[in-house]
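Have a look at this one before I ask anything.
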């Protein structure tokens with residue numbers, strides 16, 4: 001989809017389409033990691049929890065096109081993304097914030113935003129999105145000419161989220177945004193995530209910091225050994241004492 | 001007693017040579033960063049560029065300079081055609097992609113050298129020029145061949161244009177992003193296949209263009225490529241692997257080292273000195289003299 005078409009504008013005013021993955025099977029080489037998993041983006045924040053090695057990041061990478069699926073389907077609204085490449089998925093309105101932010105450290109903040117806005121061909125649309133990002137993260141205004149690697153962890157997370165916003169996405173896949181941040185900055189990172197939701201976005205969030213993430217969650221999935229062990233609301237999860245204790249350590 | 005005049009002339013000659021070496025080194029560093037390969041064929045693109053000058057110049061009025069834009073465009077296209085094969089052997093489930101790239105480009109280099117040897121024989125050929133047959137006086141330090149001066153100037157201008165593209169345009173920024181982390185660049189919507197093709201095409205075009213100029217200064221021979229492959233390795237190791245701005249300095253250091261060694265120690269010791277420098281550097285500063293572990 002081209003940048004800032006009328007269709008996309010109306011989408012951001014209404015609720016974003018549902019990103020739905022059904023019957024996903026995938027892995028690396030001959031090793032199957034994800035076994036017949038269904039997941040979808042709900043209103044607000046959908047948290048994806050699970051122990052280390054359960055396949056959370058792999059599942060996220062199937063949604064953004066980095067890891068191809070072996071079986072199953074992925075759709076975004078009416079659009080079939082089962083065999084789409086990462087750049088096609090971005091153009092449909094799904095952006096990823098990699099683990100730890102993944103800023104381009106040798107590029108300046110401005111250049112990071114420019115890469116985020118790579119799919120935007122119109123100058124006016126590009127400027128509008130840039131203004132929106134600086135409006136959401138005003139602390140970046142004075143850092144635009146600085147190398148991203150020179151910023152603090154929290155500022156780098158702003159760059160990463162801002163860069164994802166520049167794509168024009170309305171669904172965001174976040175892989176442990178708090179990773180590598182000091183405890184004092186973790187709450188800041190979650191507040192930044194909430195700002196995306198306040199702007200109408202849907203978020204699928206992988207997070208090891210379960211306690212903090214649960215406070216934000218509108219829906220929860222738990223992945224265990226590549227299989228979906230729970231799919232429900234945070235309230236429903238609170239009834240699953242064994243899951244909470246064994247897999248989430250709560 | 002060292003003659004001041006001879007020293008000055010050697011330094012200027014070294015700077016002039018460095019200007020053209022930079023065009024070879026910068027492309028080599030770019031493909032290392034963007035495609036994550038060490039391209040053993042780099043010297044053979046220089047050789048092919050020089051041969052293109054030698055073969056085509058007589059068809060365009062005996063003027064090698066006219067071949068320069070033609071060589072860039074032709075080898076840009078060659079690079080765009082070859083890049084998908086490199087991509088194919090260095091991605092997917094293949095183990096040790098860096099080694100696969102090395103093997104593939106080594107084969108490519110052998111094929112290029114063998115083809116030229118088979119078609120044109122082992123003799124060297126001149127790249128003719130009428131426009132650059134005179135000399136230019138530089139600051140009272142002596143008269144230098146026009147071909148060397150113009151070659152260095154065009155080399156620097158090519159480099160400036162290339163760096164402008166890399167550092168001032170969206171496409172160039174995307175290429176630098178790919179060089180830093182190709183997966184994250186893909187997640188930002190960058191079509192990395194397209195930009196890897198462009199990067200390899202620009203590299204092949206720039207390197208072959210450098211080859212035309214080197215042919216104008218020296219001559220074209222089927223066995224000349226290996227020397228320039230060694231020079232390219234020298235430059236990127238000195239600069240710090242893949243660190244593009246460092247290539248400018250390392251290209252000039254290469255030109256100076258070659259010129260001064262040839263004048264004061266003898267031409268046969270050039271490689272001994274250059275690789276002696278590299279061995280010492282790798283021992284004391286393996287990240288390169290100028291690099292900081294960066295790729296763009």
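The backbone N, Cα and C atoms fix where each Cβ goes, and this holds for glycine too.
Note that TrEMBL annotation is computational and uncurated.
TrEMBL lists these features:
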type	residues	note
TRANSMEM	B:12-35	transmembrane segment
TRANSMEM	B:42-60	transmembrane segment
TRANSMEM	B:66-86	transmembrane segment
TRANSMEM	B:98-120	transmembrane segment
TRANSMEM	B:149-167	transmembrane segment
TRANSMEM	B:198-218	transmembrane segment
TRANSMEM	B:230-256	transmembrane segment
TRANSMEM	B:263-284	transmembrane segment
Does the transmembrane segment (B:149-167) reach the transmembrane segment (B:12-35) with at least 3 CB pairs under 8 A, where each pair is 6 or more residues apart?
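Yes, the transmembrane segment (B:149-167) contacts the transmembrane segment (B:12-35).
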Could you name the stretch, out of B:12-35, B:42-60, B:198-218, B:230-256, B:263-284, with the greatest number of CB pairs under 8 A to the transmembrane segment (B:66-86)?
B:198-218
Do any residues of this chain, six or more beyond the ends of the transmembrane segment (B:230-256), have a C-beta under 8 angstroms from a C-beta of it, and if so which?
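Distant contacts of the transmembrane segment (B:230-256): 11, 13-19, 21-22, 24-26, 28-30, 32-33, 42-43, 159, 163, 166, 179, 271, 274-275, 277-278, 281-282, 287-296.
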Thinking of Cβ pairs under 8 Å, which stretch from B:42-60, B:98-120, B:263-284 has the most of them with the transmembrane segment (B:198-218)?
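If we count Cβ pairs closer than 8 Å to the transmembrane segment (B:198-218), B:42-60 scores highest.
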Six or more residues beyond either end and a Cβ under 8 Å away: which residues meet both conditions relative to the transmembrane segment (B:42-60)?
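For the transmembrane segment (B:42-60), the list is 24, 27-28, 66-67, 70-71, 74-75, 108-109, 112-113, 116, 120, 125-129, 203-204, 207-212, 214-216, 219-222, 224-232.
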